[in-house]
Amino acid sequence: MATNPKGVTPPISTAMPTQEELQLNDTLIEELKRQNNFETPTETERRKKVLGILQKVAVEFVKEVLTSKKKFPPSVINAAGGKIFTYGSYRLGVYGPGSDIDTLLVAPKDVSRDDFFETLPSVLKKHSPPGAIEEMTPVPEAFVPIIKLEYMSVSIDLIFSNVQASSVPLNMDLKDKNMLRGLDDRSLRSLNGTRVTDEILELVPQQKVFRTALRAIKLWSKQRAIYANIMGFPGGVVWAMLVARVCQLYPQACASVIVGKFFRIIGSWAWPQPVLLKQIEEGPLQVKIWNPALYPSDKYHLMPIITPAYPSMCATHNVTMSTRSIVTTELKRGGDLCDKIFTGQLAWKDLFVGHTFFTQDYRYYLSIVSSSRTKEAQQLWSGLVESKVRHLVGNLDHNELISLAHPFNKGFERLHRCRDGEEATAVTRGDLTYQVTEVKTETTDATNDPRHNAAAEGVLTDIKAPNGETTTNEDGLIELYTTTYYIGLQLSEQAKKLDISWATNNFREMCIGWQSYNADLNELHVVHTRSFDLPDDVFKSGEMKPTKLKKKAGKVTNGDAIALKKRKAEAQTADAANGIKRR
């Protein structure tokens, strides 16, 4: 049990859980199991085996570089070491079936990032069992350079950093801030994931309680479609820090209590007061540390949640006014449900009911249709467009006639085949007539393409864009690849006519301003879409698609005329005549 208080304030309560709370804790775990939140022991053992192989490969990789490239003596080579660290959901202990493992290879100072990309793939192949490497995609130009692996049916994200030491033994940890000296920005970012994850685990009173509560909150946030850092919602590390803060405030509580308190405490947080797990530390580097008193830009963070590891940064700088409002609304809803769960009126399954973004939340949507003539071009172009969606949302927030601009947290990828340029033009403007229905529509989180993800991080300077020609299939049909993002619009009562041309034009200019934009290859259009015109493939099995209201037959009364006039006014309001095309 917890002993020493943790956090920047004293606990709210140190009460032990009651028998009723423990029973609710048991039913919470049972529900998480029903939701397929835990993987089997066999799958976990496979992960451990893969990590064991990667650790051996890390040592052999360092030896290979120091032997073949550096010509170091055997005594230095044998002592050089090399270590695999984990971070993210695996390190936090909240991984589930199909989750990837975020891994970091730390090497001594004489092994470079170039060595990592040039030499590690061949060393990995040499020391792997036959067929173990199912897929390997290096992305050296990513914001955090990465090699994506499918290895023995386990997804691996492998990043790299060296440290200013001649050896990296197995007992090395990354706590010492002085270890960051002499590193470039990419190495700092690579080390930061592990350092933040380790700090979070050290700062919670009971790791088992934290893990169960975090599993519940992650499942809830994904079900409610508010899990996506790039789109302006909290990402995985942010939800972890928020749960950790509540654990600090109730250090003896069980997970069921933490979940219940989470919604009330975070839902009523006095933003922009920051969420801190510990006091912000100074350090040895000339790097920026979050400080709104010193840096004016930090004052504009709407929902600041600060990473605990030096150098502390705001993990939620992407949050907009709308996304903060959406998260706050969802937290209140979650709190109301938990109140009923604790009084026996509802069950935990009711907390994890999916979102209603497409089925009932909005009447009007913007469809952001990014398209390319080749798949390779679309991987980058769609990622670039995704990275800018939150800027469009931010500009829409400043339109007084829009009370809420709600981005959906993932894009929808589709393939189309057209006979001529006219049909291709229609596709780029959102027409789905020529969609290849035999190819399943996938969401961007499901495809998890590494080049798309690298582009979505918004740092594209070093990424080389393909110069492809228009592709055709064996029948001579033009193939087009589209990724569509959706924003739900809630209009103010004062809205009579809506002009969002400035916001959409500004968004378009940001996107096509990309240095590798090719007008012959890439296109972008923002299309107004009514709820009843949404594509069928955005709805999950069992969901009801909105339908268009039919006019009543018979005599039109004065009340009917008023209602019809109101509906027409609303329709005119939704049509963004300047710059927005209507489907």
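Glycine too: its Cβ is placed from the backbone N, Cα and C atoms.
Please treat TrEMBL annotations as automatic predictions, because they have not gone through curation.
The domain 'Poly(A) polymerase nucleotidyltransferase' feature in TrEMBL is assigned to 7-204.
The ATP binding site annotation in TrEMBL covers ASP100, ILE101, ASP102, ASP157, LYS218, TYR227, GLY236, VAL237.
Counting only same-chain residues six or more apart in sequence, the Cβ atoms lying under 8 angstroms from the Cβ of ASP100 (ATP binding site) belong to VAL154, SER155, ILE156, ASP157. If you look up TrEMBL, you'll see ASP100, ASP102 marked as Mg(2+) 1 binding site.
According to TrEMBL, the Mg(2+) 2 binding site annotation covers ASP100, ASP102, ASP157. Neighbour density for ASP102 (ATP binding site): within 10 A of its CB lie 24 other CB atoms from the protein chains shown.
Per TrEMBL, domain 'Poly(A) polymerase central' is recorded for 209-352.
For 356-548, the entry in TrEMBL reads domain 'Poly(A) polymerase RNA-binding'.
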Key: Other same-chain residues whose Cβ falls within 8 Å of the Cβ centroid of ASP100, ASP102, ASP157, the recorded Mg(2+) 2 site, in sequence order   = GLY88, TYR90, ILE101, THR103, SER155, ILE156, LEU158
Key: Residue distribution over DSSP helix, strand and coil in the domain 'Poly(A) polymerase central' (209-352)   = 73 helix, 4 strand, 67 coil
Query = What number of additional C-beta atoms lies within 10 angstroms of the C-beta atom of TYR227 (ATP binding site)?
reply = 22
Message = Using a Cβ cut-off under 8 Å and a sequence separation of 6 or more, which residues in the same chain sit near ILE101 (ATP binding site)?
response = ARG47, VAL50, LEU51, THR86, GLY88, TYR90, TYR95, VAL154, SER155, ILE156, ASP157
